[in-house]
Structure formats: structure tokens, C-alpha cells
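Trainee: Questions regarding the structure given below will be posed in turn.
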Amino acid sequence: MKQILFAGVIGLFLTLVGTPLLIKLLARKGYGQYIRDDGPREHASKRGTPTMGGIAFILATVAAYFLAKGITSYLDPDIDAGPTFSGLLVLGLMVGMGLVGFLDDYIKIVKRRSLGLRARAKMIGQLTVGIAFAVLSLQFADNRGNTPASTKLSFITDFGWTIGPVLFVVWALFMILAMSNGVNLTDGLDGLATGASVLVFGAYTFIGVWQFQESCANALTLTNPGACYEVRDPLDLAVVASALMGSCLGFLWWNTSPAKIFMGDTGSLALGGVLAGLAICSRTELLMAILGGLFVLITMSVVIQVGSFRLTGKRVFRMAPLQHHFELKGWSEVLVVVRFWIIQGICVIVGLGLFYAGWATDK
């Protein structure tokens with residue numbers, strides 16, 4: 001359990017200290033945000049703000065993960081605190097999606113092209129990373145036969161519907177692409193996506209700890225053995241989630257309004273990808289839609305807006321994604337962000353409540 005605390009604290013410290021150094025570096029190179037002309041007028045003042053800030057919390061998360069394990073092993077050599085395949089796989093997904101986002105950001109900055117990577121190239125990059133994760137997640141079973149992912153669909157735990165490896169890859173790709181682009185759409189206001197991510201990664205830290213304590217490997221000592229969890233490396237998933245929570249919290253210090261740096265696609269694609277990876281490996285795939293409810297809500301606002309305009313020629317919202325609709329209604333940016341954080345907090349509370357209820361009622 002110590003490594004979970006170490007990971008969160010180290011991640012927090014690294015982004016608090018490291019982000020301003022990244023801000024200076026990006027500003028010196030002129031890597032500032034390109035603002036679209038069709039957005040809210042208030043956003044024009046953000047033009048030139050350093051972007052690609054996701055580099056800070058991606059590096060901090062990876063460093064916090066390994067440092068936490070090294071410190072834990074040093075303090076207590078009897079504890080097996082080495083990296084696990086599940087933890088490395090989820091971190092690899094984060095880094096891979098972050099690289100796709102980095103290329104997108106780089107093209108926006110260097111080419112001064114607001115849309116960044118061509119849609120086809122961006123999709124190919126995301127698919128490549130997602131397929132690699134999905135295929136590898138069904139390999140390398142532990143001594144109980146558990147692989148990082150399962151071909152059964154899951155809500156709070158796996159349920160009986162097995163979809164097979166091919167459909168699983170398709171399902172995993174859908175989750176990764178949907179959530180990575182959902183976080184990307186959410187990242188339109190200072191601190192919005194970062195703060196929401198802190199909350200959801202906090203939830204996955206709790207889930208990982210709970211699944212470790214209630215693991216089927218310890219069935220003889222459990223108070224409710226009928227509700228145990230067959231999850232590979234749940235404690236290590238909690239370490240990853242804690243490192244992410246701490247790193248995002250430290251980054252939020254610099255990303256909150258008025259933002260000194262933006263995460264860019266580098267950060268948003270990485271956060272969405274790693275969130276989907278945590279859900280897949282913790283067997284909470286459908287629960288992710290509730291825990292990450294704000295990302296789903298904002299994504300659906302875009303789907304509704306585009307669908308309505310194509311079918312009827314009319315728009316449902318003044319502007320999509322949803323946060324900009326409220327800006328155009330006269331809400332201040334800070335008001336929108338705080339209220340959306342509250343919505344995300346409610347989603348996390350409901351999701352964790354369902355998670356606990358599933359354990360308590362499954363005898």
C-alpha cells in the first residue's frame with residue numbers, strides 16, 4: 001500500500017516543480033496554442049499560451065510509478081514491489097496515445113494548422129496503439145490463469161457474456177478511441193479536463209485497492225468470498241491510477257484559470273487512453289461510462305449537435321462541445337468549469353456507489 005501513497009505524492013511533486021520549467025521551455029521555442037477563429041471571443045486572449053503540457057504529467061506519471069516501486073523495495077525488501085505486466089501495459093497505452101497527440105500538437109504549432117494531423121493519419125495512429133494494447137492485454141497469464149484483460153464484458157466485474165478475442169479487440173478499440181476523444185473534446189476550458197481526470201483517477205485508485213483486498217486469491221480469508229475479484233495485478237493498477245491522480249493534480253495548479261499551459265492533444269489523448277486501459281484491466285468497462293460521465297456527456301453533445309444539423313439543418317446547442325454552449329449563454333469560464341467538476345464528482349460518487357453495491361449484494 002505504501003507504493004500507492006508514494007506514487008501519488010511523487011507525481012504531485014514532479015508536476016508542481018516540473019511544469020513551470022516546461023512552460024519556460026515551450027515559451028522560448030514559441031510553442032503556443034493556436035486558437036480557432038470560430039470559438040468564443042473570450043478565447044482569443046489564450047492565443048500563444050504554451051501547449052503540449054501533457055508531456056509534464058506523462059513523464060511524471062511514469063517516473064512516479066517506477067520511483068514508488070524503487071523506494072518501496074528499498075524500505076521493505078520483503079515486499080514484491082516490482083513492475084507488473086498490467087501496470088506496464090496501461091502505462092504503454094498512455095505513452096502511445098500521448099505520442100499520437102504530440103504529433104498532432106506539433107503540426108498545429110509548426111505548420112500553424114489548427115486541425116493538426118489529418119483525420120486519417122490521426123485515426124491510424126490511435127488504431128495502431130489501441131490494437132497493440134488490446135492484443136497484448138490477452139497475453140501473459142499469471143499463475144491463476146488471469147490475463148490483464150478478459151474476453152468477457154464487464155460492468156463491476158465480468159459477467160457471463162463472452163465475446164471472443166476478435167470482438168474484444170474491436171470493443172477495446174471503441175473504448176480507447178471514445179474515451180481519448182472524449183477527454184480531448186472536454187479539454188476546451190482552463191482546468192476542466194485536468195480536474196475531472198483527478199476525480200476519476202482517484203476513483204480507480206480506490207477500485208484497485210478494493211479489488212486487491214477482495215481478490216479471489218485470498219478467498220479463504222474474505223468476509224464475502226462470493227464477491228471476490230479475478231483481476232490481475234489490481235494493486236499495481238492502483239499505483240498507476242494514484243500516480244496519474246497526483247500528476248494531474250500538480251499540473252492543475254498551472255492549468256487552472258488563467259492557464260499558464262495547456263495539456264494539448266498530447267495530454268488529452270493520453271489521459272483518455274489510460275482511463276480506458278484502467279477500465280479494461282480492472283474489469284469495469286461499462287462502469288467507466290459512469291465514472292467518466294462528464295467525458296461521455298460532452299462527447300454526446302457533439303454527436304447530438306452534428307446529427308441534428310445533418311438531419312434537420314438545425315443546431316440543438318449554441319455551440320458544441322457542451323461547455324461552449326454555456327459560455328455563449330453568458331456563464332463565465334470559471335463558473336462552467338466548477339459546475340462541470342461538480343457533475344463529474346457526482347458521476348464518481350454514483351459509480352463508486354454502484355461498485356460497492358455490486359460487491360455487497362453479490363454473495
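Every residue, even glycine, has its Cβ placed from backbone N, Cα and C.
Quick paste from Swiss-Prot:
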TRANSMEM  3-23  transmembrane segment
TRANSMEM  48-68  transmembrane segment
TRANSMEM  83-103  transmembrane segment
TRANSMEM  121-141  transmembrane segment
TRANSMEM  159-179  transmembrane segment
TRANSMEM  192-212  transmembrane segment
TRANSMEM  234-254  transmembrane segment
TRANSMEM  261-281  transmembrane segment
TRANSMEM  286-306  transmembrane segment
TRANSMEM  340-360  transmembrane segment
Trainee: Taking the transmembrane segment (192-212) as the reference, which of 48-68, 121-141, 286-306 gives the largest number of Cβ pairs under 8 angstroms?
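Mentor: Out of the listed stretches, 286-306 contacts the transmembrane segment (192-212) most.
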Trainee: Could you give the residue numbers and ranges of same-chain residues that sit at least 6 residues beyond the transmembrane segment (286-306) on either side and whose C-beta is under 8 angstroms from one of its C-beta atoms?
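Mentor: For the transmembrane segment (286-306), the list is 153-156, 175, 178-179, 181-183, 185-186, 196, 200, 203-204, 272, 275-276, 279, 315-317, 320-323, 325, 340, 343-344, 346-348, 350-352, 354-355.
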Trainee: Go through 48-68, 121-141, 234-254, 340-360 and flag the stretch with the largest number of C-beta pairs under 8 Å relative to the transmembrane segment (83-103).
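Mentor: Against the transmembrane segment (83-103), the leading stretch is 121-141.
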Trainee: Taking a Cβ cut-off under 8 Å, which residues six or more beyond the ends of the transmembrane segment (261-281) line up next to it in the same chain?
Mentor: 19, 22-23, 26, 33, 46, 49-58, 86, 89-91, 93-98, 100-102, 104-105, 116, 126, 129-130, 133, 137, 148-149, 172, 175-176, 178-184, 186-187, 193-194, 197, 200-201, 204, 231-233, 237, 240-241, 244, 248, 251, 254-255, 287-288, 291-292, 295
Trainee: Under an 8 Å Cβ to Cβ limit, what residues of the same chain, 6 or more beyond the ends of the transmembrane segment (234-254), are close to it?
Mentor: 1, 3-5, 7-16, 19-20, 23, 53, 56-57, 60-62, 64-65, 68-69, 83-84, 86-87, 90-91, 191, 194-195, 197-198, 201-202, 204-209, 211-212, 215, 260-261, 263, 267, 271, 274, 278, 281-282
Trainee: Quickly jot the same-chain residues contacting the transmembrane segment (121-141) by Cβ under 8 Å, restricted to those at least six beyond its ends, or write none.
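Mentor: Same-chain contacts beyond the ends: 85, 89, 92-93, 96-97, 99-100, 103-104, 147-149, 151, 165, 168-169, 172-173, 176-177, 180, 232, 269, 273, 277, 280-281.
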Trainee: Can you name the far-off residues of the same chain, 6+ from the ends of the transmembrane segment (340-360), with a Cβ under 8 Å from a Cβ of it?
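Mentor: That would be 155-157, 192, 195-196, 199-200, 202-203, 206-207, 210, 214, 224, 227, 284, 287, 290-294, 297, 323.
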